[in-house]
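Q: Structure provided below as structure tokens; questions to follow.
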Amino acid sequence: MEFAELIKTPRVDNVVLHRPFYPAVEGTLCLTGHHLILSSRQDNTEELWLLHSNIDAIDKRFVGPLGTIIVKCKDFRIIQLDIPGMEECLNIASSIEALSTLDSITLMYPFFYRPMFEVIEDGWHSFLPEQEFELYSSATSEWRLSYVNKEFAVCPSYPPIVIVPKSIDDEALRKVATFRHGGRFPILSYYHKKNGMVIMRSGQPLTGTNGRRCKEDEKLINATLRAGKRGYIIDTRSLNVAQQARAKGGGFEQEAHYPQWRRIHKSIERYHILQESLIKLVEACNDQTHNMDRWLSKLESSNWLTHIKEILTTACLAAQCIDREGASILIHGTEGTDSTLQVTSLAQIILEPRSRTIRGFEALIEREWLQAGHPFQQRCAQSAYCNSKQKWESPVFLLFLDCVWQILRQFPCSFEFNENFLIMLFEHSYASQFGTFLGNNESERCKLKLQQKTMSLWSWVNRPSELSKFTNPLFEANNLVIWPSVAPQSLQLWEGIFLRWNRSSKYLDEAYEEMVNIIDYNKELQAKVNILRRQLAELETEDGIQESP
Amino acid sequence: MEHIRTPKVENVRLVDRISSKKAALGTLYLTATHVIFVENATDTRKETWILHSQISTIEKQATTATGCPLLIRCKNFQLLQLIIPQERDCHDVYISLIRLTRPVKYEELYCFSFNPKLDKEEREQGWMLIDLSEEYKRMGLPNNYWQLSDVNRDYRVCDSYPTELYVPKSATAHIIVGSSKFRSRRRFPALSYYYKDNHASICRSSQPLSGFSARCLEDEQMLQAIRKANPGSDFIYVVDTRPKLNAMANRAAGKGYENEDNYSNIKFQFIGIENIHVMRNSLQKMLEVCELKSPSMSDFLWGLENSGWLRHIKAIMDAGLFIAKAVSEEGASVLVHCSDGWDRTAQVCSVASLLLDPHYRTLQGFMVLIEKDWISFGHKFNHRYGNLDGDPKEISPVIDQFIECVWQLMEQFPCAFEFNERFLIHIQHHIYSCQFGNFLCNSQKERRELKIQERTYSLWAHLWKNRADYLNPLFRADHSQTRGTLPLSTTPCNFMYKFWSGMYNRFEKGLQPRQSVTDYLMAVKEETQQLEEELEALEERLEKIQKVQLNHSKVKSKPSEPSKHSGFSTSDNSAANTPQDYCGNIKSFPSRSPSQGDEDSALILTQDNLKSSDPDLSANSDQESGVEDLSCRSPSGGECAPSEDSGKDRDSDEAVFLTA
């Protein structure tokens, strides 16, 4: 298929662009295969350069011969294009609609994008499972790498290499896989070096209504327990939901068969409930009527912050089991690809200082989201403005990022990255020139040959010039476990995401700049003082040598 | 002393509000000025001090098997739950506190016994720190249009006004007195703020006694005079800050509002800010939400909305914005009033002044602003904040709302204010503490009669002395945000008003961000200053040594000098180069450690209390900074922490997340 077929009108002159907080700009609108571009043809004027894949929905309306297209983006921005001529407007609108809903992944921009920067480090190889495992292997010999899923035959949503207890062989893993939803047998998610406790994750056990059991499964998870120790299974569904799952062949671990494990049910919402929550929240944030009461009521009824609180609370509970109770845990919901990953990754943010660094956080996303098989392609297909309401669309990853932001807000000096880093990840998970978030799991990414055909987001982000934008000037390595407050008073709406296009951030940006200046100046002085000290020391030893005889 | 039925009760438990399982065992003391709880735990002996004047309610709850619970709510939003083993003791404490917290004479208040060990001269200087006549001079007064009037000498015209007032030059004594007779409590229109740039002014008064049809020529002349004092505009705004319905109801009582037909060239405007009773109930409702034990997100947001508190804050801010815009953008003068002109009018005038004039956004300027629009113009501190036993219906968080407006602005303009959040919190604390004389009584007249300045100390001097604690590190005098009028064009939207957890949950440290950016940046700035000094010293020395080396023979003649220097320089090194030194002497690093969830918040809470009500003022100065904040400058002390948190009580933590 040629993009040209979809582009009915490639160019319209005298189009007026309206954006929040900018004066209207008149210019020429161009459609390319992947971008919507508006150029005013004046130097120093900002132009619109929008990926079609970032467009969530469009509305069009007409007043006489003047057509207007409202473009609603997946990053929640809303822009307006006034296009003279009804036919041009209709053509543009239908072209945008077609181009923003391409159904073939290989037509997406990452397959066409040619980077304009020099690749210093290929991001596709930055976080290899073997390297990640080395970080643990120095501390424990109880775990091993298994290649049982090399051909994605045992579990289609797992990566080829996983970490499992040393005492469990691949044959047993195959058996366990048949007992777990989607073949997702329990694997290591996190090893807490401080006390050797671990977080494992999996899909739900397929106990069904007649209480099927699997000796290998029991053996596998028991293999992670120290003698005489008990562990916790955190089920991210309510007991009721978990019980209902049995009718569909799913279920939960029966006490009788897992006597060394205590099961805790924490309800985290999924799928369309989260999507609806996002839609309501964004709607409330876009409503500019100045009435205080309506705002709070809309914020409340979106339930977004309730979801944040539930997820954070469960993550804190998991971290608490590990660090305070000294107990290992297994986490799963139904598939083990959504709420499970929110909890395992947030627990690591709390427990593990490394995951609060830029590199460590990237590794966490690679490990706990991409390789763990969070279906980004499905979940991030549409955002808050779309009416399609597909069951699999859900802002699971955005909720995770929001939770990280909440912790960052409470511990502003303990993260190496800043809010912009999180916003950037949100943007790229929905629309990107990079291949990192394409596909639903490693298997799909392999088939798409993303490593060969697209550029990794990390190749771009980890260049010094980009990193400086995402580095938190307040960061000072903090080796402690950080416990966030989950009280409603401590949780806030993430303005940087949700009010980003609805309020001017000028004064907050200025404050950030001021903060950077204060710290940079301090560092500059520090360096100067050090140089002078060294000079002085040298001069003085020279003096000393001269004097001593 | 005669009111203290029992000065000491042993085996009292102080309940941790967040995790009810935990309670500290200790001894409760009642003194003439404080309630003191001292924990038994021998290693800490933690003390919690509460000033009687901070206590707003005492509630005796139903006796349980463990004892008799006593709930003490404070005006600075602290909440204390004590369990006293014997019902009798509990009753005695209750009865004693009821009396102690409701003094009937000013002399019973703490400021009359509080002695910070300053001599007479220092005290007098303290009272001179904030000088309103200087402030009017700063505004550019007197000038061709405005003059100082002595019409209220000896409070002859209005006993709730100050003696020194600025009025339009064309307003004769006859006009003023005539106008005062037509205004509630004789609070005639007087100048609150003069905007040099365009001669527009903000004046304030009480409502006119217009009833349904009454007129007063002098009052009409008075408003004319205000208009004429601003040659740049041919009209003035008259802003009635009450809801229209309230103002109309007042007409039946012979009061009311200006009739546009009777006054030439006025534009009349209602701005609906609710009255003190609505505000009192609103705060009450919001505090109930804050007190909820592990509320859900919906409970909290719904409760916050239902309290209406943020809506009221927005209404006050909108009124201030309206006036600031009228003055700066339209160049029109504004007369502001409500009913008596001492609550809403004070709020609105001070918010408008703050928006217009960067001086009021400095430490000293903010003190001046409170002195001018609140203290001197007869805001009834005693009645509103219940310093002496009085009518509970008079109590209302009027100045608290103003302070919150300032905080909301600080959140939106982080570089615009010289002071930080802690400054606001401490001012709020001392409005209720009665530790300093500034906020006593209901008017200047009463304060003079009581000889406050001779018998008590000034809060302003105390805050000024400790100003290092109150600085905003992001403030720079030459920053665009700090200059001129705050940008008013962007009307603050509803979602810009946020719940102020730092104030209303301030004693629950577990709910606050665990690291303070402000304190971190202040520490960096302090270090920067040291580095600057060191750099200068090093450069000097380097120059010297280089000279000495050029002239080698001289070095030999003075061999001792270099070694002396290097000794100095190493000690200086360690001070300036390692940030660790900032927490080197802070023992309580764990306060920032993970355990903050529960247990430690109790620890901080009590330490805070101790400081905040400590009679020794020097300790009081850093109620909020202290341990937690400084340690955040350098977390490298973390090595010691894991052992600390491994000793934590697990159950309590679990309770938090499991029940949440």
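Backbone N, Cα and C atoms are what each Cβ position is placed from, and that goes for glycine too.
Please treat TrEMBL annotations as automatic predictions, because they have not gone through curation.
The active site, phosphocysteine intermediate feature in TrEMBL is assigned to B:Cys338. The annotation substrate binding site is assigned in TrEMBL to B:Asn275, B:Ile276, B:Cys338, B:Ser339, B:Asp340, B:Gly341, B:Trp342, B:Asp343, B:Arg344. Positions annotated as compositional bias 'Polar residues' by TrEMBL: B:567-580. Residues or ranges marked as domain 'Myotubularin phosphatase' in TrEMBL: B:126-504. Annotation comment: TrEMBL describes B:549-660 as region 'Disordered'.
If you look at the structure here, what lies around each of the features I listed?
A: Its Cβ taken as reference, B:Cys338 (active site, phosphocysteine intermediate) is surrounded by 28 other Cβ atoms within 10 Å in the chains shown.
Under 8 Å, Cβ to Cβ, and six or more positions away along its own chain, B:Asn275 (substrate binding site) finds B:Arg242, B:Asn246, B:Ser339, B:Arg344.
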Q: Around the substrate site formed by B:Asn275, B:Ile276, B:Cys338, B:Ser339, B:Asp340, B:Gly341, B:Trp342, B:Asp343, B:Arg344, list the extra residues of the same chain whose Cβ is within 8 Å of the site's Cβ centroid.
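A: After dropping the recorded site residues, what remains is B:Thr241, B:Arg242, B:Thr345.
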Q: The domain 'Myotubularin phosphatase' (B:126-504): mean pLDDT?
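A: A mean pLDDT of 95 is what the predicted model shows over the domain 'Myotubularin phosphatase' (B:126-504).
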Q: Could you measure the widest C-alpha to C-alpha distance across B:Asn275, B:Ile276, B:Cys338, B:Ser339, B:Asp340, B:Gly341, B:Trp342, B:Asp343, B:Arg344, the residues recorded as binding substrate, and give it to a whole number of angstrom?
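A: Largest pairwise Cα separation, rounded: 12 Å.
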Q: DSSP on B:Asn275 (substrate binding site), three-state: which is it?
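A: DSSP assigns B:Asn275 (substrate binding site) to coil.
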Q: Other than its own, how many Cβ atoms are within 10 Å of the Cβ belonging to B:Trp342 (substrate binding site)?
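A: Around the Cβ of B:Trp342 (substrate binding site), 27 other Cβ atoms lie within 10 Å.
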